[in-house]
Each structure stands twice: as structure tokens, then as C-alpha cells.
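For reference, the structure is listed below as C-alpha cells.
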Amino acid sequence: MTEVTLLDGSIGQELVKRGSGAATPLWSTKVMMDEPELVGAVHADYFGCGATIATTNTYAVHRNRLERVDLEDQLAPLLHTAVDQAVAARDAHGSGRIAGALGPLLATYRPDLKPDVALATERFAEIINLMGDRIDLVLAETVSSLQEAEGIFQGYQASGSGKPLWVGFSVDDDDGTKLRSGEPLDVAVAMIAHYRPAAVLLNCSLPEAISNGLPILSDCGIPFGAFANGFTKISDDFKKDAPTVDALSARTDLTPARYADQVMEWVGAGATIVGGCCEVGPDHISEIARRLTDAGHTIV
């Protein structure tokens, strides 16, 4: 059968659920500032469920977000804390890899903001370099437009990192053959052919939409996969400036068994990297691990 990499599930949303404070625009960054030990606990739980990748809690650690609350000087310390927690959990578990997460530069699900490519190049290169050699790969998540992707690719190149780059595109929840920007996913495939990342994924979209778009990635000629979210929809309130996750709600029908059904369909279609995003938790990852093993796949 197939060797499959099992990613973890939600990091940010899981931290917000476990944290003792109210949701803020800093999202899981605020939880990490107040209760850093929770980050390590989440990583440990996912490793215990069978995941082989720990994704650092760095998705929302960006200069522009920290500037809003006069915390720009905390960029490096926060990045280091996130990596520290992931590495400690991996070492305690005894195996696994660390994925250094890069979230959208300006805001999630906002392709209309179109971050300047030159600025994005500078900022992403800075983050990659600050995460340093302790990460095993760079994971760019929830890329919603070609312009966002260009900033990621150029930032990665500018960083001079020798770590593999995995890029996750977020597709339209109503039409998984398009990015959230409305640009066709097959145009993104052409960009992938040019930059040649180590892997390409679809993430933080409805699993049904991902199933619609995933066949397009099979034409890339590189490892591909997916990790979907469990939101009901992306609300208009969440697309406002500096939103909190209170503006989003979780599906009640996306049980571990149902999500694992979708994931196994993706694996059957050739996906070799799978996991979960927002509102997909440890129970989901545990069920996926069980299904993969029962089907004769090797989790790597």
C-alpha cells in the first residue's frame, strides 16, 4: 500500500478552545503568550493520536498583527516559543517532524487585500529565518490568491532556507476548482510547476470543496494532499478588519468517522499527505490514523 504522512489537526482553534481567556484578534498567539504550556500539550496530544507532523503555532505571528497592539518587538520571541513547544513535544514523543507554519500576511480568507509581493517577500523570509534550523519543513497555509502565493514563493527563495516548502491553497467553499480569489486552481498549478515546492495541498476549506479540487493537484507531478476545516461557512463578520473566531461556528455533522471517510477518499485518489485544519481535532486525527493502518497504509 501507500506511505502517507499524517499531519496534525487544528492548532489555533484547539488552543482557543483550551485557553482560559476570551477570543481576541491575536487568536492563538494570545493563548500562547498567556499559557505557552498549552501549545506543547496540543502537539503532544496529536503525536499521541498518530500524527507524524507538529505544525508550529506561528500561523498568525506576523508583524502587522502585532503592530496593532504594540507588540511588534515580540515577533522573534513568539516564533521561538512556538518552535520550542513543538520541538519539546516531538522530542518527548521520540519521533516526528516540525512544520514551520506561515499564515496569510494580512488576513485569512481575504484575497481582496492583495499583499504587496515585495513586502510579503521580506516578511516571509524574516519569519522563515527566525524559525531557523529546528523546523524540518516550511508549511505555507491557506493561500487564497495567486498574489499571496507569489509572495510565499519569493519569500521562501529569499530566505535561502534549505528546508522543503509545502504550500497549502484554500479553495472556494462553493467551487473547489477555484481559489478563494476566484482564480482557477489550474492556474495555480502552472505556478507550482514554475516554483516546484516539495508538496502542494488544499487546506482550510470545506472537505467537500477540497474533494472537488483535489484531482487538479494530481497533475502537478509532486506529492499532494489536503487538510480541511470543520467550519459551517466563512461568515461576513469574520471578513471584517481584526475579527475574532467568535464570528465562526463549527459543523456538528463532521464527526471523526465522517471526516475520515473523506480523507480515505483523498488517499484513494493519490493523496499522500493528509490531516486536519480548524475544528478538526485529536479525535479526528486518531480515527484517520486507525483507518490508514487498517487499510494497510504506512504512516510516515
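Backbone N, Cα and C atoms are what each Cβ position is placed from, and that goes for glycine too.
As recorded in TrEMBL, the features of this protein are as follows:
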DOMAIN    1-292  domain 'Hcy-binding'
BINDING   CYS204, CYS277, CYS278  Zn(2+) binding site
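Features recorded in TrEMBL, as mapped to the structure shown.
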{"residue": "CYS204", "record": "Zn(2+) binding site", "Cβ neighbours (10 Å)": "28"}
{"residue": "CYS277", "record": "Zn(2+) binding site", "Cβ neighbours (10 Å)": "31"}
{"residue": "CYS278", "record": "Zn(2+) binding site", "Cβ neighbours (10 Å)": "25"}
With the Zn(2+) site defined by CYS204, CYS277, CYS278, which remaining residues of that chain have Cβ atoms positioned within 8 Å of the Cβ centroid?
-> SER10, GLN13, GLU141, THR142, ASN203, SER205, PHE227, ALA228, ASN229, GLY230, PHE231, GLY276, GLU279, VAL280
